[in-house]
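These notes are about the structure you will find just below.
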Amino acid sequence: MKEFYLTVEQIGDSIFERYIDSNGRERTREVEYKPSLFAHCPESQATKYFDIYGKPCTRKLFANMRDASQWIKRMEDIGLEALGMDDFKLAYLSDTYNYEIKYDHTKIRVANFDIEVTSPDGFPEPSQAKHPIDAITHYDSIDDRFYVFDLLNSPYGNVEEWSIEIAAKLQEQGGDEVPSEIIDKIIYMPFDNEKELLMEYLNFWQQKTPVILTGWNVESFDIPYVYNRIKNIFGESTAKRLSPHRKTRVKVIENMYGSREIITLFGISVLDYIDLYKKFSFTNQPSYSLDYISEFELNVGKLKYDGPISKLRESNHQRYISYNIIDVYRVLQIDAKRQFINLSLDMGYYAKIQIQSVFSPIKTWDAIIFNSLKEQNKVIPQGRSHPVQPYPGAFVKEPIPNRYKYVMSFDLTSLYPSIIRQVNISPETIAGTFKVAPLHDYINAVAERPSDVYSCSPNGMMYYKDRDGVVPTEITKVFNQRKEHKGYMLAAQRNGEIIKEALHNPNLSVDEPLDVDYRFDFSDEIKEKIKKLSAKSLNEMLFRAQRTEVAGMTAQINRKLLINSLYGALGNVWFRYYDLRNATAITTFGQMALQWIERKVNEYLNEVCGTEGEAFVLYGDTDSIYVSADKIIDKVGESKFRDTNHWVDFLDKFARERMEPAIDRGFREMCEYMNNKQHLMFMDREAIAGPPLGSKGIGGFWTGKKRYALNVWDMEGTRYAEPKLKIMGLETQKSSTPKAVQKALKECIRRMLQEGEESLQEYFKEFEKEFRQLNYISIASVSSANNIAKYDVGGFPGPKCPFHIRGILTYNRAIKGNIDAPQVVEGEKVYVLPLREGNPFGDKCIAWPSGTEITDLIKDDVLHWMDYTVLLEKTFIKPLEGFTSAAKLDYEKKASLFDMFDF
């Protein structure tokens, strides 16, 4: 096997690298790296190096990194450009690994850990680390073992050893229900004192030093607490042993929520899983506690316990250790589903960067472009900062709030990346500018063609067509990767639907799941075999298909994010290739493209349907248009269709054979009009939506921009056995909406779209009765605890105090002096409940940390005084009124004169 790096650090004048050698063994080396940089030279001078603008450059080799850095400063002082990669870690990786890196993830030691600290005086502050660490669970990916370090004797009480036998038992049998699949992987180590525990953990750490260190919120809590605790007990030099290079950096980060200490352990890549989840999951959650996210992702939360966590070790030490183990296991389970660690490795090795740099699109793209240009002997420009300036955003069409029975949507493939490639937008391809006409003149093709020579964008920018830009070239590579992974995702999705169909009539035989590659569409032979499988085998295959779909979805979405982040980087003042003109060219072209095709689609469908001036495009947003298909169905006659599948088939065929070619012709005209380098505006049919044939359902509705719901039968060629709701921007999607209300509103929408007004009214009556019986947490609204101090006047709300901040202040007064009650942390989410007048808390609401039960100290009073009427009105009825008003429906049956009679 070829060598590949694990971590790389610059310490002084040396590069310290951990790597896997050709024999598959982990090694460490210190390299006195000699970097190269570049300067412009006269055109008469012979050289093989040129900058991205074609200017000749001369290479300068330095004896060490210090000399190179000093040369850059001298060049800046005299106003000359020092070209080349000034991040010497990236330059070293490029020089050392001048080939595509094929890494073996089984050789990369990933540690997932969690510590427990008993603190009798509130939250244990990691920067102080004044309380003993009394439990550590550390999972090692290479060993596939959970190493548990347990402190038996501490200042806060002595405890008995944890029992693996009790841990394995069901809770009804007095056990902890630690899953059977990990019981045999647990290595339990009890210690009599903390010094012994920490020293043994440190020795273990050095023997099995992580390459990737993860866990839930480890960067903010676990890592600084362990580091500072070891420093407090043994001294700083001992704490630095956590770094394989004995080098650490302590950094205090200040933000609107206060300050926190970040410890960098040189030689270890920290990928805090809470940060991975926030960046890559594309979900907005009401709480990012591990318990909440576990419930959301796995349908199982953390291990439950009675009383405050600060008392758990003393009251139930057995549960305390099992709780610690399960916390680590939950993060492993989430990653098994989401694959964010593997995704980070893929991105990191593709770009040849430190793996933790995947959080920075600027760093990622800087490395990708540098490595590509280096192969061509092209030299990257010097990075400079620029003043921040705004530029236009995307176009969003204002919809008419209404119900829409039959709808088709069409989506431009990777709009901004495609614009960059079509127009050939790059810093070095700028050819000049032309006199700009109003944007609507370009949309309607009444303005003069901008240029017969150069590729143009309607913001006035012109680009060369006779050369490939650096940015379009690199984006094309990642674009092709995204297309590949999206193909895997959609194939797995289609395969999953085939398996679901077979599950309606499974075989009773005893068999095994088929060994197939779910990334590719099943052959006819496999489809026939699937029909003969048992339910057990089919369910196993469905599980694998869904995992493949999730892996493909994550990979393609994150490549999409990477691609689109390059567009954003072009407008980022810290990016090496920053140019405001280019960022503006991209978004302005996008605005024109969407409105151009709206005009073309309306013209085409008016011609097909024999109408005049009809606005068939009801909505558009950034890269998508939504087309009302009612008149298309009417043209054929709704009665002609046998069933729902029949009309979906018809619209599918109409979109594929008639509309997509018409759309393509329209975009080709635009490409010719703008004289672009190549035609890449490809718009495909996305959703086909409508009610079941013969039902009273409305099919879909819009309440405003970015707020709509559709009953979808087919998405990008994947036909659903049961329709799926596509809901955007409505309260069902908002993290502030209570969980139970989200579910109820979604059911209301389903009934509106699929069954109609009468069904909606029935459910409204049901939920109104059910609401008061629901668990208080499931109906509490959620808000972020921002700017508490701003509105805090002696513990009471000041002028213009927001409702949820008022609730936080109420809570703080109620728990004052009680250190066991969970504290509200600035910036975190809180649950909010309204209270009836006359309550003992003296205010109209109360709020406490989300993801937790309200403290027993005040729970009974809160539940007695909570205002169900206000809560139902604000969280459920008000948003439902918005839906039904737009859709011209009534959620409650209205009395009429006819109700007085029997007929």
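Even glycines carry a Cβ here, placed using N, Cα and C.
The following features are taken from Swiss-Prot:
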type    : residues                               : note
REGION  : 103-340                                : region '3'-5'exonuclease'
BINDING : ASP114, GLU116, ASP327                 : Mg(2+) 1 binding site
BINDING : ASP222, ASP327                         : Mg(2+) 2 binding site
REGION  : 248-264                                : region 'Beta hairpin'
REGION  : 380-903                                : region 'Polymerase'
BINDING : ASP411, ASP623                         : Mg(2+) 3 binding site
BINDING : ASP411, LEU412, ASP623                 : Mg(2+) 4 binding site
BINDING : SER414, LEU415, TYR416, ARG482, LYS560 : substrate binding site
SITE    : ASP621                                 : site 'Optimization of metal coordination by the polymerase active site'
REGION  : 705-708                                : region 'Binding of DNA in B-conformation'
SITE    : LYS706                                 : site 'Optimization of metal coordination by the polymerase active site'
SITE    : ASP714                                 : site 'Essential for viral replication'
REGION  : 897-903                                : region 'Interaction with the polymerase clamp'
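Features per Swiss-Prot, on structure.
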residue : record                                                                  : DSSP class
GLU116  : Mg(2+) 1 binding site                                                   : strand
ASP222  : Mg(2+) 2 binding site                                                   : helix
ASP327  : Mg(2+) 1 binding site                                                   : helix
ASP411  : Mg(2+) 3 binding site                                                   : strand
TYR416  : substrate binding site                                                  : helix
LYS560  : substrate binding site                                                  : helix
ASP621  : site 'Optimization of metal coordination by the polymerase active site' : strand
LYS706  : site 'Optimization of metal coordination by the polymerase active site' : coil
ASP714  : site 'Essential for viral replication'                                  : strand
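Of ASP327, ASP623, LYS706, all annotated as recorded positions, the residue with the shortest Cα distance to TYR416 (substrate binding site) is ASP623. Counting residues 6+ beyond its ends, the region 'Binding of DNA in B-conformation' (705-708) has Cβ neighbours under 8 Å at 396-399, 619, 621, 626, 727-730 in the same chain. In the predicted model, the region 'Interaction with the polymerase clamp' (897-903) has a mean pLDDT of 56.
Here the CA atom of LYS706 (site 'Optimization of metal coordination by the polymerase active site') lies 19 Å from the CA atom of SER414 (substrate binding site).
Each of the recorded positions LYS560, LYS706 was ranked by the number of other C-beta atoms within 10 Å, and first place falls to LYS560. Spacing of LYS706 (site 'Optimization of metal coordination by the polymerase active site') relative to ASP621 (site 'Optimization of metal coordination by the polymerase active site') is 8 Å (Cα to Cα, whole number). Cα of ASP222 (Mg(2+) 2 binding site) to Cα of LYS560 (substrate binding site): a span of 32 Å. Checked against LEU412 (Mg(2+) 4 binding site) by C-alpha proximity, the recorded positions GLU116, ASP327, ASP623, ASP714 yield ASP623 as the nearest. Within 10 Å of the Cα of ASP623 (Mg(2+) 3 binding site), the following binding-site residues from the list ASP114, GLU116, ASP327, LEU415 place their own Cα: LEU415. Across the fold, the C-alpha of LEU415 (substrate binding site) and the C-alpha of ASP327 (Mg(2+) 1 binding site) stand 41 Å from each other. When secondary structure is read from DSSP and collapsed to three states, ARG482 (substrate binding site) falls in the helix class. Excluding ASP114, GLU116, ASP327, which define the Mg(2+) 1 site, the same chain contributes ILE115, ALA135, ILE136, THR137, TYR323, ASN324, ILE325, VAL328 within 8 Å (Cβ to the Cβ centroid), listed in sequence order. Comparing ASP621 (site 'Optimization of metal coordination by the polymerase active site') with ASP411 (Mg(2+) 3 binding site), their Cα atoms are 10 Å apart once rounded. Among the recorded positions listed (ASP411, ARG482, LYS560, ASP714), LYS560 has its Cα nearest to the Cα of ASP114 (Mg(2+) 1 binding site).
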